[in-house]
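> Provided herewith is a single structure, encoded as structure tokens, for subsequent inquiry.
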Amino acid sequence: MTEQRFTHLDDSGRAQMVDVTDKDITQRAATAQARVRMQPSTLQMILAGEHPKGDVLATARIAGIQAAKKTWDLIPLCHPLLLTGITVTIEPEADDALCVQATCKLKGTTGVEMEALTAASVACLTLYDMCKAVDRCMVIESVCLLEKSGGRSGTFRRER
């Protein structure tokens, strides 16, 4: 078994941006997920399009897309990436939650896991922000990477 190490630390333990100069360009994709739990009445208001702030779901999707593009600005050691695809979906779950899934794609030398995780997280934060006036008990939960493909480490799929 090969020794695992933190790639963002140099031999002296100092933070560094990983050098991907010599890595092969491959097709890469990642999908992340997060949930916002809320009062059933809040979810019904959103789904019926009756929220006073307008289309909550469209705003959250756009926020997630923007967040994926700005990940390198938010997470200090992330590379600026030329993403070729970003999809954010938001679906109701039971009577008290919205499930956000974000998928990011590119052809490049580094993965897009952080971009997908950031997109899902910020979409949930936007849902919270837009709905906090009517429901302060919301909970953002279960932020996780569902799958990734491409690159040296191959494919990962979370067991559901």
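Here the Cβ of each residue, glycine as well, is placed from N, Cα and C on the backbone.
Feature table excerpt (Swiss-Prot):
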- Leu77, Cys78, His79, Met114, Glu115: substrate binding site (BINDING)
- Asp129: active site (ACT_SITE)
> What is the interatomic distance between the Cα atoms of Cys78 (substrate binding site) and Asp129 (active site), given in whole Å?
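That separation, Cα to Cα, works out to 26 Å.
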> Based on DSSP, name the secondary structure state of His79 (substrate binding site): helix, strand or coil.
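The residue in question, His79 (substrate binding site), is coil (DSSP, three-state).
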> Near His79 (substrate binding site), which residues of its chain come within a Cβ-Cβ distance under 8 Å, counting only those 6 or more away in sequence?
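The answer is Met17, Val18, Val20, Trp72, Thr110.
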> May I ask which residues of the same chain, at least 6 positions away in sequence, place their Cβ under 8 angstroms from the Cβ of Leu77 (substrate binding site)?
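Once residues fewer than 6 apart are set aside, Leu77 (substrate binding site) is near His8, Ala15, Gln16, Met17, Val18.
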> For the substrate site (Leu77, Cys78, His79, Met114, Glu115), what does the 8 A shell look like? I mean other same-chain residues with CB within 8 A of the CB centroid.
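Other same-chain residues with Cβ inside the cutoff are Thr71, Trp72, Ile75, Leu81, Thr110.
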> In whole Å, could you give the widest CA to CA gap in the substrate site formed by Leu77, Cys78, His79, Met114, Glu115?
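Spelled out: the longest distance between any two Cα atoms in Leu77, Cys78, His79, Met114, Glu115 is 12 Å.
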> Whole-number answer please: how many Å between the C-alpha atoms of Met114 (substrate binding site) and Asp129 (active site)?
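Spelling it out, the Cα of Met114 (substrate binding site) and the Cα of Asp129 (active site) are 22 Å apart.
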> Looking at the recorded positions Glu115, Asp129, which one has the fewest other Cβ atoms within 10 Å of its own Cβ?
Asp129
> Cα-Cα separation of Asp129 (active site) and Glu115 (substrate binding site), in Å?
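Rounded to a whole number, the Cα-Cα distance is 21 Å.
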